[in-house]
Amino acid sequence: MSDPVPLTTDQPGQVASATPPAPGRSRRLSDRGLAVAFISPALLLLLAMSVFPLLWALYLSFTDYSATRGGPAHFVGFGNYTAILTSAQVHQRALTTLIYVVGAVGLQTVLGFGIAYLISRRTHGRGALTTLFLVPMMLSPVVVGLFWRFMLDAQFGVVNSMLGSLGLGQVEWLTRQRTALVSLIVVDTWQWTPFIMLIALAGLTAVPKYLYEAASIDRASEWFKFRTITLPLVWPLLLIAVLFRAIEAFRLFDLVYILTSGGPGVSTETLSFHVYKVAFLGFNTGTASAYGILMVLVVIVLTQLYLRYLNKLKED
Amino acid sequence: MQLATAAMLLVATTVAACGGGEDDGGKASAPKAPATIPELTKDPLTLSFIWFDWPPAHALEDFANAEYKKERPNATIKVNTVPNANWHDAMFTQFAARKTDFDIAILDSQHIGEAVTNGNILDLTDFVKNNIDVNAYNPYLLAAYGQFPQAETGKRDENASLYGLPLLGDTWTMIYRKDLIGDKPPQTWDQMISAAEKCQADNPGVSGLAFHQANGSDAAAVTYNTVNGVYGGNLWDAKTRKIDGVLNDAAGQEAMDVLVNKMKPLTAKGSGNWFIDEVNAAVAQGKACIAFNWIAASGGLLDPKQSTLGTSREQILDKLGFATLPSQKTNLVPLGGMGMHVSAYSPTANQAEALNFMKWFQRADVQKKWAAAGGVPSRTDALQSPEFINAGPFNQVYADSVPRMRDMWNVPEYARLVDIENTNVNAALNGAKDPKTALNDIAKEQQGVLDSSGRKGGGGL
């Protein structure tokens with residue numbers, strides 16, 4: 001006579017292991033499967049479109065490969081990197097890029113924060129004003145470039161026409177060494193100040209009101225409130241906006257291409273524009289790859305240093 | 001845009017690297033076109049060209065669809081256009097990917113070397129021998145638009161290979177205001193500068209000169225090359241491949257001095273980025289006494305809708321005159337225009353259609369019709385035909401200029417050479433560089449490019 005089957009058990013685990021799982025019972029496994037199914041297409045796409053080309057570019061950067069010439073790529077070691085790092089042309093473009101990044105991002109930060117601060121103090125029409133200020137950011141940089149190219153034309157442009165009507169002389173905005181870089185900074189500032197403004201506005205509206213109320217009770221001045229409450233609380237957010245803008249500005253290509261073609265001469269030729277020339281005018285793919293890799297490295301290193309500073313700020 | 005550029009580069013390198021062919025070491029390696037035209041398809045087919053966006057591109061599409069369709073009703077011609085500054089990149093990035101969305105590339109004469117050494121276009125030598133009457137052409141034009149390497153003399157070498165056939169001839173014309181400087185155009189470069197100087201002084205608000213100075217494409221470079229040629233200079237010694245010491249010799253220095261110190265002060269303020277359209281606009285708005293522009297781009301000047309010089313073509317022509325360039329120490333003029341070249345990556349049926357189109361297009365009667373439609377032919381009979389001469393007031397200028405033409409260096413390194421020249425001349429014209437330093441820099445940097453071609457690693461900066 002066999003033992004009777006117990007109706008209940010003190011060790012349900014044993015029973016579970018003894019009986020086959022019912023369909024859909026292993027929920028964890030099923031979730032993982034689902035996750036893999038959903039993520040893998042995007043992951044594969046990322047690998048194919050981003051990681052593989054990056055690794056391939058890294059490989060090419062050590063070769064003399066040319067995309068148009070075809071044929072096998074010959075290993076040249078660090079030859080391309082040495083040539084780039086010791087090139088006076090690259091140093092000149094780096095300096096141009098640095099002036100541009102510091103000038104444009106600095107101006108955008110001051111203006112963006114200033115506009116955000118003024119908007120945040122308004123109670124009526126804040127939404128409409130914010131939307132209006134955001135319009136330039138929504139436009140394609142190529143459209144912005146073409147638009148400003150007409151505006152800044154020395155002969156037929158509306159800017160010089162306005163200066164003329166004020167009795168001021170004509171300015172060669174895009175064809176003089178000093179004004180060309182300033183023009184690029186101004187146009188970039190026109191387009192991207194709203195980005196800083198938007199982030200700053202988010203920060204400003206997030207500052208707890210009770211802090212201002214407490215300061216008011218203590219009869220603190222507006223400047224005191226700004227210096228001790230507003231700025232310290234918005235500063236970390238603003239620095240993140242500066243980081244994004246600086247990375248974007250470092251890669252500036254489109255505005256240069258449309259507005260000045262790097263001119264006069266090469267005085268507004270940024271690193272990105274120079275890489276484009278190396279890559280497509282001579283099809284020196286190996287050199288261009290090394291150039292691109294170095295630019296990525298510079299951005300990564302500077303970003304890491306910046307993020308460390310941000311973290312320190314957060315801890316303080 | 002930066003991302004797009006990076007993506008283009010990466011995709012191009014990836015595709016090209018995966019599908020690389022034989023290492024040709026820079027020698028000509030173009031695949032051969034069949035000597036006779038293969039059987040053509042009867043199915044609907046679109047024959048695609050690639051060119052930059054300017055009036056002749058649209059004229060070609062209209063003309064070909066109207067005329068070629070009479071013989072090949074199943075064929076449709078499409079001329080894809082890109083902005084001038086993207087023209088080289090648009091063609092060569094596709095060549096790099098070994099796949100093109102065009103069947104016929106319209107290459108500048110200087111692009112042929114790069115395309116041939118990379119095997120991007122078909123070798124048409126046998127096809128031309130069997131299908132084209134080469135004696136019908138001015139030999140210099142046929143060589144410029146099709147031959148590689150180009151002979152030292154510039155004339156066609158019967159033993160050299162041909163990779164293209166002429167599509168559109170071109171050179172600069174001098175456009176002058178008859179009502180401001182008189183009916184008789186200046187004959188020498190010095191006279192021209194004096195006339196412009198006087199005209200500018202006599203007519204406030206009108207600048208003496210208008211010419212190409214822009215940083216992109218070959219704008220400023222062609223301007224310097226033209227003045228260099230007129231003042232007896234040379235761009236290089238093709239035999240020894242020497243640029244440094246040739247371009248910047250005494251004649252070259254004089255040409256740069258004339259351009260920057262005598263001609264530039266006579267141009268409109270802020271004209272340092274002017275190219276074809278801006279020069280045309282200045283002329284059409286009555287803002288220039290004398291201007292230089294490519295003939296093929298000058299048709300719009302006679303359109304009353306675009307001009308403030310008159311309400312009819314006749315009124316405009318009362319004020320505008322077109323003449324060949326003045327001479328000085330020599331009478332050289334720049335060679336412009338382009339040839340047709342068959343993409344090596346085009347499908348076989350389209351390549352056959354392309355060859356058939358080219359044979360049709362080079363017929364004497366078609367060339368005359370093309371001339372009447374606004375084209376600039378290269379066949380001698382079409383050049384001298386009334387259809388061409390009477391089609392535009394500048395066409396006689398072209399016919400007279402053909403024996404005076406000089407091209408630039410037709411070498412695979414052209415794109416880099418022209419960029420060096422363009423940026424430096426533009427810098428000199430806009431006060432960003434001393435003219436003498438700019439010329440010496442051009443010579444030195446260009447020599448570096450020629451000397452380093454084929455060197456491994458670190459090139460191209």
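Cβ atoms are placed via backbone N, Cα and C, with glycine included.
Taken from TrEMBL, the feature region 'Disordered' covers A:1-27.
Residues annotated as compositional bias 'Polar residues' in TrEMBL: A:8-17.
Residues or ranges marked as transmembrane segment by TrEMBL: A:34-59 (among others).
Taken from TrEMBL, the feature domain 'ABC transmembrane type-1' covers A:94-306.
The transmembrane segment annotation in TrEMBL covers A:98-119 (among others).
What TrEMBL lists as transmembrane segment is A:131-151 (among others). Beyond the ends of the transmembrane segment (A:131-151), by six or more residues, the same chain brings 115, 119, 157-159, 174, 183, 187, 190-195, 197-198, 254-255, 257-259 to within a C-beta distance below 8 angstroms of the stretch.
Taken from TrEMBL, the feature transmembrane segment covers A:192-212 (among others).
What TrEMBL records for A:224-247 (among others) is transmembrane segment.
Annotation comment: TrEMBL describes A:288-307 (among others) as transmembrane segment. With a cut-off of 8 Å between Cβ atoms, the residues of this chain six or more beyond the transmembrane segment (A:288-307) that come close are 57-58, 60-62, 65, 80-81, 84-85, 90, 239, 243, 246-247, 250-251, 271-272, 274-275, 278-279.
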Using a Cβ-Cβ cut-off of under 8 Å, list the residues of the same chain that are 6+ residues beyond the ends of the transmembrane segment (A:224-247) and lie near it.
101, 104-105, 108-109, 112-113, 117, 192, 195-196, 199-200, 202-204, 206-207, 211-212, 215-216, 299, 302-303, 306-307, 309-310, 313-314
